[in-house]
Amino acid sequence: MYLIYLETPYFKFVRDTLSYIVLVVLHYALCLSPSTIAFSGLEWAILVFFIGRYLVEGKQIWDILQRIKQRREGAQSKWIRLKTLSIYLSDCWNRLDFVSLLVYLIIFTLRLAIVVMSGSEMNNRALAIAGYFYSFNTLRLTLRAFGYVMEHSRHIGPIQIALFSILADIRIIFWQFAAAILAFSIAITKVYMAEKSFIANGSDGNYIICTNSGPSCWWTIITHLFWTLLGASEETEPVTSVDVPSVTLARLLYATFHIFGVILLFNMLIALLSNTYQRTQDNSLKEWSIKRAIVIQTYDGYGPIPVPLNIMYSFLKLLVRGKEKEKAWADVDEGVGIEGLLLTCECMSCQDDETCHGARHGKSFSSEFPHFEVAILETGEKRLLAVGVVTEEYSTKYMPGWKNGSVGYHTDDGMIIRDNIRRETKGPAMARRGDRIRCTVMFENKRERDGKVPVVFTLNGKKIIMKEGEDQIFMDADKPLYPCISMTDGCSVLVKMCSREDLDSKATAQSMEKRMTEIKEQNESSIARLAKLEKGVEDVLAILKDILKKDPPKV
């Protein structure tokens, strides 16, 4: 039981985070230590950690490569490699990891060269550059470790996601700032170069701005305008010279730059960032759910041993590579691709968009593992997806609920179907991209008279209730019951079997209870306000009645 818990994506995430924190602490200790020619103990420890990280990232890229090869048979190897790198770098955290690994490769190469050449630490520029790279890597690793943890918090996560969207907006505005600086700097430079030619060798030639070459003068103007945008310009401003017309024109251009760059572009940046943040907050639940699903998929492919112990684990795994792992899925229909927890439906030969393809899990429901959870990544054009319970002989060519011996929840209409009998549900029960569906077989509520067990479906932690008939769907428990999922082309989901003591279900229940308490408090507050308002209306009516009695209107 404990081994199963240790191999879940949640525990892999915790172990990987702790490994990153240890690596960050080692870098902090190295940054506070003087540089030496020989490798220090801290550097050897960092080297071991980075070897483990190279193995982790290499396996992740390898898994993506194999998945693309399965989907795109016959494609050119160059296209496959480029596609693999593109998918890997599409994740912002992977980009940080890639840069950190690349920087460390440069550091290690420099350190080897320094050790080979020997010499002294004094005036050793290569050793200083290695230290600069160490500081750069420490910065990136700190952002990576703490930012990644914050992103997966239910409350802080949406803010972290919004931050990355904001960084994309800043890149857009940055090019506008760069264009403005280049345009105005070259214009101002030309004014002073013309002044230089006008004065030539006169007595005031030593007091003009552009005393050196044109590129040098241009660079001076560029740096001044750049620091002006940040509010940290130098005390000596390059807008004061000798020739009055030149100075007037330069100051006019400088003022226009302030209006365009400092006022217009900065206000545009603020408006753009506010719009992006609000848009992310409006879709925070779905954005966070999708990010969480991606993390589950990523860590499902990780090994059970954290960095740097994975070095020995990878070596031992190569020795016993001949032993194959038992397949999680027993019956998989053609058209369904499986990569760890990720299931996708990409049928190249399907003529009908509504043709469904299914997969039955190899592990049956039990009192220890009564939950089957599905996170929807993509729903396809038809949005046809079904999650349910079937017997072992049930064909995966049919959606759960279409034939006898099965029950299923269908996302397109939000109905629960058993033995091809539709049961309408209460409230909006249609699932969409980013939603989570959970199917639970409640063995503890088994009926004594017929031995049947109830099957319950939840959508985002809320129980799906039927309008008419039985409050619960019951299935025969004399045969093993298996999780089953069926979908049409374009659908993509993450699935997992959950234990009775699943931490996510506890968190969901606690959050739902907290939310219900908040709603109850809000309702009580609203009722109190309505009572006060009603009392105020009654007082006003009483006053009006008294006025009418004392001074009745004349007819």
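Just so you know, glycine gets a Cβ as well, placed from its N, Cα and C.
Listed in TrEMBL:
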| type | residues | note |
| --- | --- | --- |
| TRANSMEM | 20-51 | transmembrane segment |
| DOMAIN | 86-283 | domain 'Ion transport' |
| TRANSMEM | 98-117 | transmembrane segment |
| TRANSMEM | 129-149 | transmembrane segment |
| TRANSMEM | 161-188 | transmembrane segment |
| TRANSMEM | 252-273 | transmembrane segment |
| DOMAIN | 371-493 | domain 'SPRY' |
Among 20-51, 98-117, 129-149, 252-273, stretch most in contact with the transmembrane segment (161-188) (C-beta, under 8 angstroms): 252-273
DSSP-derived helix, strand and coil totals, residue by residue, for the domain 'SPRY' (371-493): 3 helix, 57 strand, 63 coil
Candidates 98-117, 129-149, 252-273; stretch with most C-beta pairs under 8 Å toward the transmembrane segment (20-51): 129-149
For the transmembrane segment (129-149), distant same-chain residues with Cβ under 8 A (at least six beyond the ends): 17, 20-21, 23-24, 27-28, 30-31, 35, 93, 96-97, 99-100, 103-104, 106-107, 110-111, 114, 160
Surrounding residues of the transmembrane segment (98-117) on its own chain - C-beta under 8 Å, 6+ positions past either end: 37-39, 43, 46-47, 50, 53-54, 57, 88-89, 124, 126-127, 129-130, 133-134, 136-137, 140-141, 144
